[in-house]
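Below is one structure; the comments refer to it alone.
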Amino acid sequence: MKIFDSATHEVRDFVPVTPGKVGLYLCGPTVQGAPHLGHLRAALNFDVLVRWLRRRGYAVTYVRNVTDIDDKILAKSAAAGVPWWELAAHFEREFDFAYRALNTVPPTVTPHATGHIPQQIALIERLLERGHAYSDTNGNVYFSVTSLPDYGALTNQPVSELASTEDESQIDTATEAGKRDPRDFALWKAAKDDEPSDAAWDAPWGRGRPGWHLECSAMSQAYLGDTFDIHGGGLDLRFPHHENEMAQSHGAGWGFARYWMHNAWLTLKGEKMSKSVGNVVGVRRLLEDWDPAVVRMSVVTTHYRTNLEYSEDSLKQAALLWDKFTSFLLQVPRFVPAETAAPEVRNVYGDVNPDLARQRELAAVELPDDFVAALDDDLNVPGALPALHRTLKTGKAALNSGDTTGAQQEALQLRAMLDVFGLDPHDPAWVASVSAAETPGTAPNPTETPNDSLTALVTALLQQRGEAKAQRDWGRADAIRDLLQTHVAPVVDTPAGVQCGSVTFS
């Protein structure tokens, strides 16, 4: 397998630190606002990478962080008149909804910045001891970029040519005065009188909170070790965020990431989708008009290093492609080889788990050589698509000639390839959407079938809660209520029935 390393600008053979294992760190969201499709591109592209690595037999430890405190979160919460942690928790739930709706694999670990303050303080202490950091008289701590000879190596920018190493949105005039060099960046920001008292922590150099870059160095080391395999993120994070991450970790004496992967931008009318530009497409709004599977298809079928232009036409093309695959698969009687339907495919409670059976079924399928070669070549999804179209064509021919067995075999191979993209129509995430196509006149329409999977799940949980209450199993009923209220919407008992968001069950 080969990966384009955006640090060296070369396609390199992928050789993991530990044979058979991969450590992957992906910069996750700063939960200061609702997610838009630009945010989700990184999550979707790296979701395909995780799926492919696991398909190739690697045990993947996938870490994606949540930045749940920073200047923007504090400013927006103050403007809204709510606690900063409440605003962060609200928008984290919005991101979680988007991740689930678009069928992304859950990370192995989702560390939060506020949950790793001791690790960040320990890293600052290490940098101070090694001469790469200093504090001012107000309790701020800075990283000295000139103390590290290889600063700028990630983006090939000599320190002498840099005016600043801070993102414009992160520059804080209160911390600028204490810098020895304007190119230094904040590791720790001293507490301010006009900020909430619970937005600061005690540290040896004074009460305050970590700088933006520090958390990723500390948390990647905590879960993946001093040296790990792949660091991923959006292209806009290369500088200064990833450059500063690498500087902190190298300054601490850690090897850090051996490969860097950056996905390109999602654009609208040629401009990067960004809240600062005002050209964003919110995920919830998008999913009101388009099937989540279609949205996912539109993103993952573009090479991760190619800019992706958002448009109605691109979504319509993705809808046609999704319909083409699902229409064929719905016509073929499902074939499950006996050896993959064994009774031991059960969950920890001993119950048969249909999705584990599905995963085992697809894992046993041999993928076409050209499909494998394309994905092994820097995750070249567009180069892998011809294999899907060829398999679809062969399967249709078999079906039309009455060769049911041949059609079933081609259908299974097609599903196995789609599953690498997170788009197997038999995946529980898509079943509600796909099953609509089985009824004449109700084929999946991207403008008429929003959030079918979520609606079905909420309805089922409300039914289970009703059954638990009827059996006076109050603990189970409360647990279901809490689950829905945490991840979906408040549960309200009304004369018409119990309501959760837009779903009412009577």
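Here the Cβ of each residue, glycine as well, is placed from N, Cα and C on the backbone.
Those TrEMBL annotations? Automatic predictions, nothing curated.
According to TrEMBL, the features are:
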BINDING   C27, C216, H241, E245  Zn(2+) binding site
BINDING   K275  ATP binding site
DOMAIN    370-431  domain 'Cysteinyl-tRNA synthetase class Ia DALR'
MOTIF     29-39  motif ''HIGH' region'
MOTIF     272-276  motif ''KMSKS' region'
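Sequence features, as recorded in TrEMBL, placed on the structure.
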| residue | record | Cβ neighbours (10 Å) |
| --- | --- | --- |
| C27 | Zn(2+) binding site | 21 |
| C216 | Zn(2+) binding site | 28 |
| H241 | Zn(2+) binding site | 21 |
| E245 | Zn(2+) binding site | 26 |
| K275 | ATP binding site | 14 |
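Helix, strand and coil counts under DSSP for the motif ''HIGH' region' (29-39) come to 3 helix, 2 strand, 6 coil. Listed in sequence order, the residues H213, E215, S217, H231, G233, L237, H242, N244 complete the 8 Å Cβ shell around the Zn(2+) site centroid, once C27, C216, H241, E245 themselves are left out. According to its DSSP assignment, the residue listed as 'ATP binding site' is coil. Residue pair H241 (Zn(2+) binding site) / the residue listed as 'ATP binding site' shows a Cα separation of 18 Å. For the domain 'Cysteinyl-tRNA synthetase class Ia DALR' (370-431), the DSSP-based tally of helix, strand and coil residues reads 48 helix, 1 strand, 13 coil. Considering only the binding-site residues C27, C216, E245, K275 (ATP binding site) has C27 as its nearest partner by CA-CA distance. Mean pLDDT of the predicted structure over the domain 'Cysteinyl-tRNA synthetase class Ia DALR' (370-431): 96. In the three-state DSSP scheme, C216 (Zn(2+) binding site) is classed as helix.
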